[in-house]
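Per TrEMBL, the features are as follows:
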- HIS7, HIS9, GLU111, ASP227: divalent metal cation 1 binding site (BINDING)
- HIS156, HIS179: divalent metal cation 2 binding site (BINDING)
Amino acid sequence: YGIFDCHAHLHEDNFPPGSVNSLEIILDNARKANIQTIVSVSESLLDAPKVLKLAAQSNGLILAGVGLHPVQTYRKHDEQIERSVTLDDFEKFLPYVRKYINDKLICCVGEVGLDFSPHIVRNKDMPEEHYRDVQKQVFRRQIELAIKADLPLNVHSRSAGHYAIEELQKGGVKKAVLHAFDGKASHALKGVETGYYFSVPPSIIRSPQKQKLVSSLPLSHLLLETDSPALGPTKGDDNQPANAIISAQEIARIKGIDVSEVVR
């Protein structure tokens, strides 16, 4: 069986031409590592066209997902600033995601979800609850789009695991992947009951929380991901789809089964 990486961020900004980790090199590495398919998801209006373009040129290796991430970034004096998504961001994004869905160019709606990390939702300008509420509104709108198009959701839930699962359940979502879930295993199990999947990045080898999650969830609801270029096996180093085998190996170790069974 080939390996399926269900969550990555592949485009030229993350893997620039001429670098030691250029797209050409990491895609060659992926093929050599028996990576059969990579789902590459967008985060904003800026990277969505780049994700789609690469997927269209990949001869089926890459499938595209399009969604608006709960955290948006902008540059200020050569510094990259992170902020919580706004309704204005979504209104600007909406025509594009509708086009991609209607033209059947995408395999999922993502990366979407919630991010209640303190540095994202705590701001002197507005109360924390304001940012949480706006994120939920943007998430709900994208849930509605996915359900209408009968597409699965590829979900971010940092510091908001049980809130994200709750929103999915309230919205009647049947098909969802919660990537790199950092919440409690008990919350994840409630998601499993609804039929949701949980994908595991290579950073599991240095994360007791991820190891506990894998030990608690049934193999039938675990998937492989890399979140390339983030969440690699070594903190601070760029990740790539070829490393999905590391996730599979660690799941196999925890479950006491052969790695081929995990990949299957």
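Going from the start of the chain as shown, residues are counted 1 onward.
Any Cβ shown, glycine's included, is placed from N, Cα and C.
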Original post:
If you count the other Cβ atoms within 10 Å of each Cβ, which of the binding-site residues HIS9, HIS156 comes out on top?
Top reply: HIS156
**OP:** For ASP227 (divalent metal cation 1 binding site), list the number of other Cβ atoms lying within 10 Å of its Cβ atom.
**Re:** 24
Original post:
Among the binding-site residues listed here, GLU111, HIS179, which has the most company in the form of other Cβ atoms within 10 Å of its Cβ?
Top reply: HIS179
**OP:** Round to the nearest Å and give the CA-to-CA distance linking HIS9 (divalent metal cation 1 binding site) with HIS179 (divalent metal cation 2 binding site).
**Re:** 12
**OP:** Starting from the Cβ centroid of HIS7, HIS9, GLU111, ASP227, which together make up the recorded divalent metal cation 1 site, report each further residue of the same chain whose Cβ lies within 8 Å of that point, ordered by sequence.
**Re:** ALA8, SER40, VAL41, GLY110, ASN154, HIS156, HIS179, ALA180, GLU225, SER228, ALA230
**OP:** Determine, using Cα-Cα distances only, which of these binding-site residues is closest to HIS156 (divalent metal cation 2 binding site): HIS7, GLU111, ASP227.
**Re:** GLU111
Original post:
Rounded to the nearest angstrom, how far is the Cα of HIS179 (divalent metal cation 2 binding site) from the Cα of HIS7 (divalent metal cation 1 binding site)?
Top reply: 7
Subject >> Local Cβ density at HIS7 (divalent metal cation 1 binding site) - other Cβ atoms counted within 10 Å >> reply: 30
